[in-house]
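Features of the protein shown, as given by TrEMBL:
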type: BINDING; residues: B:His115, B:His119, B:Asp306; note: Fe cation binding site
type: BINDING; residues: B:Leu137, B:Val138, B:Ser139, B:Gly140, B:Gly141, B:Asp170, B:Gly183, B:Asp187, B:Asn276; note: substrate binding site
type: DOMAIN; residues: B:27-312; note: domain 'Gcp-like'
Amino acid sequence: MKILSIDTSNAPLAIALVEDDQLVAETTLNVTKNHSVFLMPVIEQLMKMASWTPAELNRIVVAKGPGSYTGVRIAVTTAKTLASTLKIELVGVSSLAVMAKDPAELTNLPVIAIFNARRNTVFTGGYQMEQGKLVSFIEDAHMELSELIEKINEKQQPVLIVGDILPEFKNQFETNSKFITLGNEQSSFPSAFQLGLMGAKINPVSDIDSFVPDYLRITEAEMNWQKSHPGELKKSYVREV
Amino acid sequence: MENRKLILSFETSCDETSIAVIENGDTILSNIVATQIDSHQRFGGVVPEVASRHHIEQITHCLNEALETAKVDYNDLSAVAVTYGPGLVGSLLIGVTAAKAVAFAHDLPLVPINHMAGHIYAARFVDQFKYPQMALLVSGGHTEIVYIESEYDFKVLGETRDDAAGEAYDKIGRVLGVNYPAGKTIDEWAHEGHDTFNFPRAMEKDDNYDFSFSGLKSSFINTVHNAEQREEKLDTKDLAASFQQSVIDVLASKTERALADYPVKQLVLAGGVAANQGLRDRIEKDLNQKFSNVQLLMAPLKLCGDNAAMIGAAGQVAFDHKKRTDMSLNAVPGLSF
């Protein structure tokens, strides 16, 4: 099975070609957040070097969020359009799980991945290896950093934290919990190869058209609107004319 | 079948997800338009992040429907055309990203289209273009007079220095309790009222082709607020008529000035506000009286708003002019001609 895997959820851009659980080609860029400019040229180049044609692809695996809204949308739009237009399979994987996979395998510790979501909040999820499989023990969510620290302290187990470990986060982790080990810089990059491997084992989505990112946070405009219009929810706000 | 010229076009610059298939640059095989108006009406205007989220929900569904409706397959296509600006960056990116994926997947040429050129080509479905040509483009985001000396050679003669005409309609609509987009309702009210307030006609006599609508908007809002303070009720229909008359007078006089200075064979009227009946009537009358040798091409009502059909029509011409882009195409929110 020929898989193209894509992650542009945050600053790094990670792309891999994976065939039958073997890495064929992989690129990680950490030069810019301009994923719109680099994503397709890198895919084009990797495919050319691997002598793969688009028609030969069997499956697209995409990191579906959370992360930067625009970044996630570029990967998901590319993935769902490629899958739809080539009539091939599409798999979405949590961007937090992608980040957690390598460190969880290497250390055998429960791993918590965090992405900065501003105002001292994070997108976060907890993952650990169980019988060779990555399983979730804290469901992906958007929360205050203090809430995450509480959850960790409740578990009373050592955990490894990877991802956006900002200086102010580091300080709060170190002051408020004795269960936390902070990951190093190397553990803060997504691996598109890992994403491809994970995506190979997950059932493809049944409806590509309705596949959207996992933002884990509604927009501010909608949040305010819901507050002033309780109970007023429509099924669809978009119609064809 | 070998010689069919078919363009698959994408338009997502604001709050409509639209994908079309156009044959020979002048025939619409399909034109799918998914509008988000119901969503943004909650907020009184387009919220960019909400718009981007809706676009990604719609994009592949619209793509498949456009091809199915047109009864064509990817093998039949000559090229993919896409709006890459101007517009909202997050919205533009969905169309640009999807168009690149399709072009890559099927090894098709990718043609980048300026959204404003697209608006002009909405009139291509009315008649063939002749040059030199003038275009008055009026929408929620833009107010421009464009001179087209020869095919696909655009030169902006004048533009708004502040609000676009459609934006002014939405802002005064809010004051009158009309939800976005307010143009249609204000236009209807205007036809039932009279120009009694005599609002300013900004820059009407200035020796250029530029516009300004923020002074008119402020004058309108002040008039309404002052009346409210005096607890006086103003006639809503006269307010609408007076506002619309000021907008139309300025648009028409600047267009006349351009037509007098640059003799052309055709005048194109396009953009969302080109659906305004008062504006259509006035431009038609002016042309008949003063420039009877200039052919008026008004974009069809259903193609005045944003749609991919117009992008496909422009796309065919751009394709013939060998306009191409590679996979590094990015959205350019502030794109100008």
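Note that Cβ sites are derived from N, Cα and C of the backbone, with glycine treated the same way.
On the structure: features taken from TrEMBL.
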| residue | record | Cβ contacts under 8 Å, 6 or more apart |
| --- | --- | --- |
| B:His115 | Fe cation binding site | B:Glu11, B:Ser13, B:Thr83, B:Gly85, B:Pro86, B:Gly87, B:Asp306, B:Ile311, B:Leu335 |
| B:His119 | Fe cation binding site | B:Ala135, B:Leu137, B:Ser139, B:Ala270, B:Gly271, B:Ala299, B:Met310 |
| B:Gly141 | substrate binding site | B:Cys14, B:Pro86, B:Gly87, B:Ala164, B:Gly166, B:Glu167 |
| B:Gly183 | substrate binding site | B:Gly166, B:Tyr169, B:Asp170, B:Gly173, B:Gly272, B:Val273, B:Ala275, B:Asn276 |
* **DSSP-derived class (H/G/I helix, E/B strand, else coil) of B:Gly183 (substrate binding site)** => helix
* Asked: Under DSSP, is B:Ser139 (substrate binding site) helix, strand or coil?
  -> coil
* For B:Asp306 (Fe cation binding site), list the number of other Cβ atoms lying within 10 Å of its Cβ atom. => 29
* Can you tell me the mean pLDDT for the domain 'Gcp-like' (B:27-312)? -> 96
* **Residues flanking the Fe cation site, with Cβ no more than 8 Å from the Cβ centroid of B:His115, B:His119, B:Asp306 and excluding those residues themselves** => B:Glu11, B:Ser13, B:Thr83, B:Gly87, B:Met116, B:Gly118, B:Ser139, B:Gly271, B:Asn307, B:Met310, B:Ile311
